[in-house]
Amino acid sequence: MSLLDWIVLFGTLLLIVSYGIYKTRGSKNIEGYLKGDNSLKWWSIGLSIMATQASAITFLSTPGQAYQDGMGFIQFYFGLPIAMIILSIWVLPIYYKLKVYTAYEYLENRFDLKTRILGALLFLIQRGLAAGITIYAPSIILSTILGWPLEYTTLIIGILVIVYTVIGGTKAVSQTQKHQMIVMMGGMIVAGVFVVHLLPENIGFGEAVNVAGRMGKLNLIDTTVDPDNRYTLWTGLLGGLFVALSYFGTDQSQVARYLGGKSLTESRLGLMFNGLLKIPMQFIILFIGAMVFVFFQFNQPPVFFNDAAVQEVKSNPANKQLYEETELAYQQIFEQKRDKVEALALSNSDTEVEALQADIKKLENESDLLRDKAKSIIKSTDEDLETNDTDYVFISFVMKYLPSGVIGLLLAVIFSAAMSSTASELNALASTTIVDVYKRNLNTKGSEKHYLIASKMATLLWGAIAVGFALFAGLLDNLIQAVNILGSIFYGTILGIFLVGFFIKQVKGQAVFIAAVIAQLIVLYFYFFTEVAYLWFNVIGCFAVIIISFAIQQLKK
Amino acid sequence: MSEKEQQNTDGRPPILGKWSNFYWLVFGVLVLLIIIFYSITNYYA
């Protein structure tokens, strides 16, 4: 990295953080600290919601996903606009009417205290662990790419986030997220322009789109009904709606974003902003991934994108020779394929296109076999080395092909994304700890100043837990998957409690509490004693709460 | 009406006048995007 990259990277990050702290310093009470004095306008809310959801993995993984499998992942977001409408009509007015600080306060109002505490605890366990992963996941990739120790990347992200989140609270989170979001989208668009600009002279934007389309990367919609296919129009509309309702309606890290609105109208407009712009934003990120794919049809890609793993293979003399032979064979196939892809880009004849597609497909299959061989060599070198390189595709392209200055900007995009989502998580964890646990149960008669200091301490504590967890996360196997599973175990139950609260008026507190406990046990049974895929735990937990609570209420009559 | 009361009272959205119009806009844009994406997929299928 050049000096210019360092200046752009740290200049961008420090400027955003310093301005955020300067603009939001000096909250005098808990309302100012946790709800931002209800001063946020709709565009701040909208950008803040989008920045919270867009973690570093979004920018590292999503382009790689388009590179490998095409743009079908876009369908996952189709339920989101509908969820925004549902929340705006039914959920937001309830939260505003009750003047809640956290989503779980609603549960006490609608049911009872124990249901509120149950909801808050389920959130704290799940989100507390996830905050560590939000820092760990990009840290491990950035440390591999930059060659820095993992501790450095973890501490840069962690300390910067903790400083401004502790000092400025909700207002600082939203204030910084506005600028982080501008950097994120601006940086990605710059990367998109460069990737097209770096294509051969005879391949313009139109030809690049043709290559992506004709090689199956613009497969945006899949209308088949196939349970094995994770991303189809139907899973996107139904499953995506389910996930978005749960995430935006009951997860405090999102609820806090729109509860800080100046009025119900501003908050509703913020949700509509997200509903209108989220899919185009994801489309842009995926499309850049598809363009990176086109770029690597004309420029030799590595057999495997995680260079650190490759270097480890090459430190083993026997595997080094085997790996280099694979690289050579891969290069030869690439050269044969490149001429055919160029012809495919420029051809206007359907017959010729079909013939070229068949030839390219054959060569791609051979390339895939060589990639599989490379992965098996990596595994044979060290069983613990990760053989999925999707997350490394985009960042490898950035580091190797983009000019000085732009590399710094793109790294700022990834750090900003990691910081924006972590800040929302820490802020939400502190709000829930103080409002739902400490202030409601442990110390009910404290002064405003006392609760303000307690909120800052809670933010600091959760920040330290998240950084600590991220620092030691590498010691555990399959940690990211473990945390995803943990999230799915609790998410369904939480959503079920809220849905009963919003839509089944006759069910009371005792019934929903018992149902939630039983539902949680059912989910745990599925986890420990069956082979059911963990994403289904969300559905099982949610419907179990709804059905059992309704049944208990009927029996009590 | 106090500032607090104003916060909780729903106002009309800008430009479109009614919230239902806003919801139709968001839903309409979703449908339009799906149609565009479907057309792109079909064109290259």
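Cβ coordinates come from backbone N, Cα and C, glycine included.
The coiled coil annotation in TrEMBL covers A:346-380. The annotation transmembrane segment is assigned in TrEMBL to A:6-22, A:42-62, A:74-96, A:117-146, A:152-169, A:181-199, A:231-250, A:271-296, A:451-476, A:482-504, A:511-528, A:534-552.
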Under 8 Å Cβ-Cβ from the transmembrane segment (A:6-22), and at least six residues away from its ends along the same chain, one finds 160, 163-164, 167-168, 172, 175-176, 179-180, 183, 405, 408-409, 411-412, 415-416, 419
Give the nonlocal contacts of the transmembrane segment (A:231-250) in its own chain as ranges (CB under 8 Å, at least six residues past its ends). 49, 53, 72-80, 82-84, 86-87, 91, 103, 119, 123, 221-225, 271, 491-492, 494-495, 498, 538-539, 542
Could you give the residue numbers and ranges of same-chain residues that sit at least 6 residues beyond the transmembrane segment (A:451-476) on either side and whose C-beta is under 8 angstroms from one of its C-beta atoms? 27-30, 33-34, 128-129, 131-136, 139-140, 150-151, 154-155, 158-159, 161-162, 165-167, 169, 422, 425-427, 429-431, 433-434, 438-439, 443, 482
Please work out which recorded stretch in A:42-62, A:74-96, A:117-146, A:271-296, A:482-504 has the most C-beta pairs separated by under 8 angstroms from the transmembrane segment (A:181-199)? A:271-296
Contact call for the transmembrane segment (A:74-96) against the transmembrane segment (A:271-296), three or more Cβ pairs under 8 Å: yes
Which residues, given as numbers and ranges, are at least 6 beyond the ends of the transmembrane segment (A:271-296) yet have a Cβ under 8 Å from it? 42-43, 45-47, 49-50, 53-54, 58-59, 62-67, 70-71, 73-74, 77-78, 80-81, 84-85, 87-88, 92, 185, 188-189, 191-192, 195-196, 198-199, 203, 208, 211-212, 215, 217-218, 248, 258, 393-394, 397, 401
Is it true that the transmembrane segment (A:482-504) and the transmembrane segment (A:534-552) have 3 or more CB pairs under 8 Å, sequence gap of 6 or more? yes
Taking only the residues in the coiled coil (A:346-380), give me the average pLDDT of this model. 91
What residues elsewhere in the chain lie close to the transmembrane segment (A:534-552), defined as a C-beta under 8 angstroms and at least 6 residues from its ends? 242-243, 246, 484-485, 488-493, 495-497, 499-500, 504, 507, 510-512, 514-516, 518-520, 522-523, 526-527
